[in-house]
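Quick look at what Swiss-Prot lists:
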type: ACT_SITE; residues: Asp67; note: active site, proton acceptor
type: BINDING; residues: Asp67, Gly68, Asn149, Glu150, Asp181; note: NAD(+) binding site
Amino acid sequence: MQLNQVIVVHKAGDRQSKEWADRASRQLQQRGANVLVGPSGPKDNPYPVFMASVTEPIDLAVVLGGDGTSLAAARHLAAAGVPILAVNVGGHLGFLTEPLELFRDMEAVWDRLERDEYAMQQRMMLQAQVFEGSKAHPEAVGDRYYALNEMCIKPASADRMITAILEMEIDGDVVDQYQGDGLLVATPTGSTCYTVAANGPILHPGMEALVVTPICPLSLSSRPIVLPARSSVSIWPLEDHSLNTKLWMDGVLATSIWPGQRVQVTMADCQARFIILRDHYSFYQTLREKLAWAGARIPYHNNHRN
């Protein structure tokens, strides 16, 4: 990997993350790299400025923060194919990030990257678009939105909790009308986030699939469904025309959906590219360590394992 054009992103408002970002920037500049640095957070989005400022392709994005900072990087950089080195600095769970211990000797990290001594993990993304008009002549409304974890469709109100009534269609066939708090359309990566909290299945991030999960449905028969990756999921809000439904991407507000409009969710035509520094990365170990995944309450010794 060449390190000619690098962006360094730190978690907004986090002093430790900012200090590591400044150190990384200085070292990369000493190696001759052109470096752009900026904060990322709920009120800070450095990526439009980054994209408008660079004069050559971005070789690397160093993202110092937690999972939220990494998700934002994936949403903005996947379409450009930028490799992301996400490091858990100032984060909490760190499900998508490399441990800080592997980043403390940054000079050694830059050497490894230049010698291509790392693994690249590609993760499926989602894209969503709001449409209005007839099915025969749909008109796109607003932007196209991207997510690494999930798209969430649920109503919003400032003064009361609203029950959603959503109709879902898959590849042109009406599946059901859901009554509850909303619907999740997730990637395998997102299956271990909001989806698993809503009693959805866990999918390995190395596969490509969609999983649709009702949020607190008012029916015992409403169950999650796993779909082929090329499926097209369309969701209509029904009932109250005075209320709008919100589309959320990875927990961030994307746009509003009004009755008469629908949101179409499909697999994106790009993937998030995460750099893995760990020698023995294990998804199952991550589940055990980060999500406290456990089976038997009493551990038993396996005498048959060599």
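Each Cβ is built from the backbone N, Cα and C atoms, and glycine gets one as well.
Look at the Cβ of each of the recorded positions Asp67, Glu150, Asp181 and count the other Cβ atoms within 10 Å; the largest number goes with Glu150. Site extent for NAD(+): the farthest pair of Cα atoms among Asp67, Gly68, Asn149, Glu150, Asp181 sits 25 Å apart. A separation of roughly 10 Å, to the nearest angstrom, links the Cα atoms of Asp67 (active site, proton acceptor) and Asn149 (NAD(+) binding site). The Cβ of Gly68 has fewer other Cβ atoms within 10 Å than any other of the binding-site residues Gly68, Asn149. In this structure, Asp181 (NAD(+) binding site) belongs to neither helix nor strand by DSSP; it is coil.
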